[in-house]
């Protein structure tokens, strides 16, 4: 439920990095999403302050990562495709994850004698992670980091339904009300973003049509001038 804050974080960091324009109505919508998430967190049956802080930190880092991916894939003068981006990013991720793994998880694994390395499970997990990262790079490169997070709201709903029906996690009415409010805010922002993209595309097509019309008019005038000069000669 706290991941519904992702569009808010991406928009705020996008404004900070000048990838998004600041708009008062958009920020008001983001505040409504934040309010809904706060209500959902307040209604949590097993509230843990440290867990909330960790999740909020994860949201901030993930939003920063996505905005930086957008900068790498769309900036002028930088020609990085999704595969090339993964080629550079994956080793860095491995190094940064290896250090805490050695100090945090490896001692626990050594104490657990029943642990054994399953190549099938780990290999399948690695393949899924690679496919996920590739899909993220493709989507962010074709659209934007914000679109990526808005689309992820559907996944969050599926996660909540799965945790409630299969894992039997407790979902209170306050949880659902708060997350529903956040979902409406995200849906409204998605709609306004889509309308803005359509308007921008229409303006682009109109400008191209005007440019082509002006070029044809110049060619006709040039042809008329050439014929006139030939007749005079």
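A Cβ is built for glycine as well, from the same backbone N, Cα and C atoms used for every other residue.
Owing to the predicted nature of the structure, the values given are computational and were not obtained by experimental measurement.
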### Query
According to TrEMBL, which stretch among 28-46, 85-103 corresponds to the feature transmembrane segment?
85-103
### Task
Have a look at 180-206, 207-233 and point to the one annotated region 'Disordered' in TrEMBL.
207-233
#### Entry: Close approaches to the transmembrane segment (85-103) from elsewhere in its chain (Cβ under 8 angstroms; 6 or more beyond its ends)
69, 72-73, 130, 133-134, 137
